[in-house]
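Take a look at the structure below.
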Ligand SMILES: NC(=O)C1=CN([C@@H]2O[C@H](COP(=O)(O)OP(=O)(O)OC[C@H]3O[C@@H](n4cnc5c(N)ncnc54)[C@H](OP(=O)(O)O)[C@@H]3O)[C@@H](O)[C@H]2O)C=CC1
Ligand SMILES: Nc1nc(=O)c2c([nH]1)NC[C@@H]1CN(c3ccc(C(=O)N[C@@H](CCC(=O)O)C(=O)O)cc3)C=[N+]21
Ligand SMILES: [Mg+2]
């Protein structure tokens, strides 16, 4: 069929619009009942054009969700001390409930030190070691936005988390921001989880066993049709800018045109995981504000 594409495409943009609208409602209620507007601080160091696009999207969505958002732009050559002083100021600012430092940071700034310095209860990226530990222990509160976005898309696609039980999920990539936390979430949803990476042998054969295949690699269109079991659900996390016919365009880690012929469902790039990542950031900021309100009021039950 000519528009087979459109039948099995999972619309991340539409899901993200619904999630942001839902967050906006909850923010309005919080404002009425607690007289608090959740605040999100986004810190960007240097002027990487892609980072600027993502940060711009975050600020735009925060407005739609009714959050207060503030962007802090530091120069490329800012020192570790200057960055850390800003983080400490934001940690101590009661109007700021969520802090996000856009990664990667320019050399020689230490990402690990910055991530550890952010107060765990304001860590809306879920990257702080305390939140990573809580995720692995199943006591999570602030979960990394991209993995959470992937899980929500799968839940919606399968009409609930119960349907994920027993499915074989293969995650390509083992980064701290996507692959590893996503594998944890899928494990908690009772999937059988395999993680494959650059040292994996015979990766195609492993991927072809997946009921759910998730690509978070950073290699344009690496995953081809012959890597995918017919009927599998494919989630494409990759965001790669390539040049095609002299124009810049965005492609995922999956070859959408060929894989969509065999997958039962597939997320596009753009319009898939990216918008859901940003929507989850809004949800995390709301959740962080709620937790901070509860902690500041010892008699609340
Ligand atoms: N949509 C969104 O919201 C987001 C999208 N992204 C995108 O997702 C992709 C992955 O991001 P991120 O996790 O940060 O990337 P990283 O570069 O941190 O990690 C990539 C992972 O892929 C593995 N890998 C690299 N090449 C291959 C290969 N040829 N075969 C198998 N595995 C391979 C690496 O293996 P090894 O560990 O052995 O090096 C590594 O584990 C990127 O395209 C990024 O832009 C990222 C974050 C959010
Ligand atoms: N501290 C931190 N937290 C992050 O969550 C984080 C980060 N640093 N650094 C970079 C990655 C990447 N990431 C994206 C978010 C949204 C889109 C997005 O909105 N994508 C749109 C297209 C955007 C475009 O046009 O370029 C889409 O896929 O439809 C993409 C990528 C978050 N990351
Ligand atoms: Mg990375």
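A Cβ is built for glycine as well, from the same backbone N, Cα and C atoms used for every other residue.
All TrEMBL annotations are machine predictions without curation.
What TrEMBL lists as domain 'Tetrahydrofolate dehydrogenase/cyclohydrolase catalytic' is 10-125. The domain 'Tetrahydrofolate dehydrogenase/cyclohydrolase NAD(P)-binding' feature in TrEMBL is assigned to 144-292. Taken from TrEMBL, the feature NADP(+) binding site covers 173, 174, 175, 239.
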Which ones in the same chain are close to residue 173 (NADP(+) binding site), with CB under 8 Å and 6+ residues apart in sequence? 179, 195, 197, 215, 216, 217, 218, 237
The DSSP breakdown of the domain 'Tetrahydrofolate dehydrogenase/cyclohydrolase NAD(P)-binding' (144-292) into helix, strand and coil residues is 59 helix, 32 strand, 58 coil
Tally the residues of the domain 'Tetrahydrofolate dehydrogenase/cyclohydrolase catalytic' (10-125) by DSSP class, grouping H, G and I as helix, E and B as strand, and everything else as coil. 61 helix, 19 strand, 36 coil
Around residue 175 (NADP(+) binding site), which residues of its chain at least 6 apart sit with Cβ under 8 Å of its Cβ? 216
Sequence gap of 6 or more, C-beta under 8 Å: which same-chain residues meet both conditions with respect to residue 239 (NADP(+) binding site)? 250, 252, 269, 270, 274
In sequence order, those binding-site residues of 173, 174, 175, 239 whose CB lies under 6 Å from ligand 3: 175
Among the binding-site residues 173, 174, 175, 239, which have a Cβ atom lying under 6 Å from any atom of ligand 2? 239
Close in space but at least six residues away in sequence, with Cβ under 8 Å from that of residue 174 (NADP(+) binding site), the same-chain residues are 180, 183, 195, 197
For the domain 'Tetrahydrofolate dehydrogenase/cyclohydrolase catalytic' (10-125), would you mind checking the mean pLDDT of the predicted model? 97
